[in-house]
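Features of the protein shown, as given by TrEMBL:
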TRANSMEM  12-33  transmembrane segment
TRANSMEM  77-99  transmembrane segment
DOMAIN    105-219  domain 'Phosphatidic acid phosphatase type 2/haloperoxidase'
TRANSMEM  106-127  transmembrane segment
TRANSMEM  139-164  transmembrane segment
TRANSMEM  176-198  transmembrane segment
TRANSMEM  204-225  transmembrane segment
Amino acid sequence: MHRSRPVPTAGVRIPRLMLGVFLVVAALVWAFVELADEVVEGSTRAFDEALLLAMRSPGDNAEPLGPLWLEEMARDWTALGGVAVLSLLVAAVTGFLWLGGQRRSALFLLLAVAGGLAVSTGFKEFFDRPRPDLVSQGSYVYTASFPSGHSLMAAMTYLTLALMLTRAQPHRRIKVYILAVALVATVLVGVSRVYLGVHWPSDVLAGWTAGAAWALLAWALARYLDWRGTLEPERDEDDDPRPEETGL
């Protein structure tokens with residue numbers, strides 16, 4: 001049996017978990033603003049150059065550090081943050097939620113991801129930062145550098161997908177596993193962008209902070225809509241019937 005919804009009443013205090021989420025979002029937004037300010041002032045140049053060159057072969061800035069297969073693997077990782085792969089994943093998870101009867105959650109997911117894409121595009125056009133010019137670029141790029149669109153979209157999409165999937169998954173261990181996979185994919189995408197020489201490290205950090213903030217805001221809104229009865233309720237282990245209740 002499913003848990004009964006709490007009845008919304010005036011004066012209900014914000015749960016501690018939600019308050020904690022908003023504090024984390026505020027910290028991420030502050031970090032993004034501070035980082036953007038440092039980038040505009042040129043204060044991150046030394047840090048960016050040092051880390052970017054650390055991933056290049058000594059004496060040859062045209063070659064990434066490590067064997068050739070590592071560079072090819074980095075291209076595979078970076079593709080995880082591309083529009084084609086992310087669109088496929090969003091479509092797959094949306095279909096999963098829709099077929100599972102969580103149609104409002106499916107629509108919410110689409111709107112959350114579309115909003116994140118608009119934010120990423122707006123940031124790039126506003127800051128219009130040039131791409132790294134110290135090293136050769138191992139992947140084709142055609143947009144501005146700050147923030148990293150791949151990193152922002154990976155953080156926003158993978159974390160949002162994970163948070164929406166965990167709402168439909170009652171087992172806590174699987175919830176943790178889904179979130180861990182999303183975090184690993186997000187990190188791999190960001191690191192690969194620097195390794196391939198298409199982004200400054202500060203671009204990636206900004207993308208991660210903005211993407212994570214957006215995903216957490218989407219999750220908080222989903223919790224609020226759940227509380228209001230607008231969105232399907234999140235499942236938990238207590239929702240699953242015990243074997244004796246099913247006759248097994």
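Here the Cβ of each residue, glycine as well, is placed from N, Cα and C on the backbone.
Same-chain residues lying 6+ beyond the ends of the transmembrane segment (176-198) with a Cβ under 8 Å from its Cβ atoms: 51-52, 55-56, 64-65, 71, 74-75, 77-78, 80-81, 131-132, 134-139, 141, 148, 150-151, 154-155, 158-159, 161-163, 165-166, 169, 204, 207-208, 211. Averaged across the domain 'Phosphatidic acid phosphatase type 2/haloperoxidase' (105-219), the predicted model reaches a pLDDT of 88.
Taken residue by residue, the domain 'Phosphatidic acid phosphatase type 2/haloperoxidase' (105-219) breaks down under DSSP into 86 helix, 0 strand, 29 coil. Within its own chain, the transmembrane segment (106-127) has Cβ neighbours under 8 Å at 36, 39-40, 86, 90, 93-95, 97-98, 143-147, 149, 152-153, 156-157, 160-161, 164, 207, 210-211, 214-215, 218, 221-222, 225, 231, counting only residues six or more beyond its boundaries.
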